[in-house]
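Okay, structure first, notes after.
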Amino acid sequence: TNTPEQDRYLQAEKYIEFYVIVDNRMYRYYNYDKPAIKIRVYEMINAVNTKFRPLKIHIALIGLEIWSNEDKFEVKPAASVTLKSFREWRQTVLLPRKRNDNAQLLTGINLNGTAVGIAYPGSLCTQRSVFVVQDYNRRMSLVASTMTHELGHNLGIHHDEASCICIPGPCIMLKKRTAPAFQFSSCSIRDYQEYLLRDRPQCILNKPLSTDIVSPAICGNYFVEEGEECDCGSPAACQSACCDAATCKFNGAGAECRAAKHDCDLPELCTGQSAECPTDSLQRNGHPCQNNQGYCYNGKCPTLTNQCIALLGPHFTVSPKGCFDLNMRGDDGSFCRMEDGTKIPCAAKDVKCGRLYCTEKNTMSCLIPPNPDGIMAEPGTKCGDGMVCSKGQCVDVQTAY
């Protein structure tokens, strides 16, 4: 089991400031069409983000570089050689110029063997936080699956064993895939959490500024980008009561975001300045409730009848006043309060604030709910018009709170 601090770290939203290089071969393959390449990369990033959402990671594209003149280092078919060259180029050239958490080389070269991608495992926030993916198929979703897979390796996730499952499949970390992968398996999530707690990568905890993002804003990707006030996902998935998921704008001030649950609760309204509903607030203590049968106390409406029903069941109600007069005796079970270990009898006006008496409906008995010390009337219970129980006495509701 994890410590609370470990759980906080795992639950924290994480952001990968992501830099993509498109090499010269890929540029030529797409007929020197930079706008088309950009759209393709933006679509890939969006697809990758959808896959990483359950892991609480957002991929923020903070740089896209297309090598339209020539490659800045030699891109070779040997995947491991190109990965090493890319790592060195990022370290010496890219990082001094543009800080990033992770960089990807998207290449048009045909990598040796069956490989379409390669990554350093468990390397985020280090000098080895890079991976290479071959743009091997016109289907964007297939290449985006490979991007997700290789970035998964950077995040300490291993290939899935035969016992790892995800429904619907196929799983992202399968060694061989023919169809676009759907989601991470339970094995992948376990690997990722173990990696996080072992290596504690810190660079993914800071949230990039919306002005740093180079991809166009997408309403519904859970990330507040330029022109958006909030982003809580799709309208079906949105959990933020004061964010309009369709427009990514705050709901107007005064829109009800949480209805009153009962008459001792208050409705909450959006402020117009936040995506979240304000903290749940309660009706003030002493406010009449349940058709004047009680007065609100800490968000509840305590009455003697409700106490009897809660303890004994729906066939019971509060006893007639004659039963409560027994509380003036001050003996074993019938008293108002304790002082220094002594049971203090009730004054006549306080009898309904002492021991609780219940009656089965249509009978005249003075029943005491089973408890060796007797059950006392709850604080805040109505004991007369404008009167409530406080510390075993029946006092004016105005002075009680």
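Every residue gets a Cβ built from N, Cα and C, even glycine.
Positions annotated as domain 'Peptidase M12B' by Swiss-Prot, on the basis of sequence analysis: 14-208. If you look up Swiss-Prot, you'll see Glu17, Asp101, Cys203, Asn206 marked as Ca(2+) 1 binding site, on the strength of similarity to another entry. Under the heading N-linked glycosylation site, Swiss-Prot lists Asn112. The annotation disulfide bond is assigned in Swiss-Prot to Cys125-Cys203, Cys164-Cys187, Cys166-Cys171, Cys219-Cys248, Cys232-Cys238, Cys264-Cys296, Cys289-Cys301, Cys308-Cys358, Cys323-Cys366, Cys336-Cys346, Cys353-Cys389, Cys383-Cys394 (among others). Marked as Zn(2+) binding site by Swiss-Prot: His149, His153, His159. According to Swiss-Prot, the active site annotation covers Glu150, on the basis of sequence analysis. What Swiss-Prot lists as domain 'Disintegrin' is 216-285. For Ile218, Asn221, Phe223, Glu225, Glu228, Asp231, the entry in Swiss-Prot reads Ca(2+) 2 binding site, with the evidence type similarity to another entry. Positions annotated as Ca(2+) 3 binding site by Swiss-Prot: Asp265, Leu266, Glu268, Asp280.
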Extra residues within 8 Å (Cβ to Cβ centroid of Ile218, Asn221, Phe223, Glu225, Glu228, Asp231), Ca(2+) 2: Ala217, Cys219, Gly220, Tyr222, Val224, Cys248
The correct DSSP tally for the domain 'Disintegrin' (216-285) reads 0 helix, 11 strand, 59 coil
Cα within 10 Å of Cys125 (disulfide bond) - qualifying recorded positions among Asp101, His149, Cys164, Cys203, Phe223, Glu228: Asp101, Cys203
Between C-alpha atoms, which of these disulfide-bonded residues comes nearest to Glu225 (Ca(2+) 2 binding site): Cys187, Cys232, Cys308? Cys232
Fewest other Cβ atoms within 10 Å: which of the recorded positions Cys203, Cys232, Cys323, Cys353, Cys389 wins that one? Let me know. Cys203
Mind telling me which of the binding-site residues His149, His153, His159 has the densest Cβ neighbourhood, counting other Cβ atoms within 10 Å? His149
Alpha-carbon spacing, Glu268 (Ca(2+) 3 binding site) to Cys232 (disulfide bond), which is rounded to whole Å: 19
Can you grab the distance from Asn221 (Ca(2+) 2 binding site) over to Cys232 (disulfide bond)? Cα atoms, rounded to a whole Å. 7
If we take the Cα of Cys289 (disulfide bond) and draw a 10 Å sphere, the recorded positions of Asn112, His149, Glu150, Cys232, Cys296, Cys383 inside it are Cys296
Cβ neighbour count (10 Å, all chains) around Cys366 (disulfide bond) is 15
Of these recorded positions, Glu150, Glu228, Glu268, Asp280, which scores lowest on Cβ atoms within 10 Å? Asp280
When DSSP states are folded down to helix, strand and coil, where does Cys187 (disulfide bond) land? helix
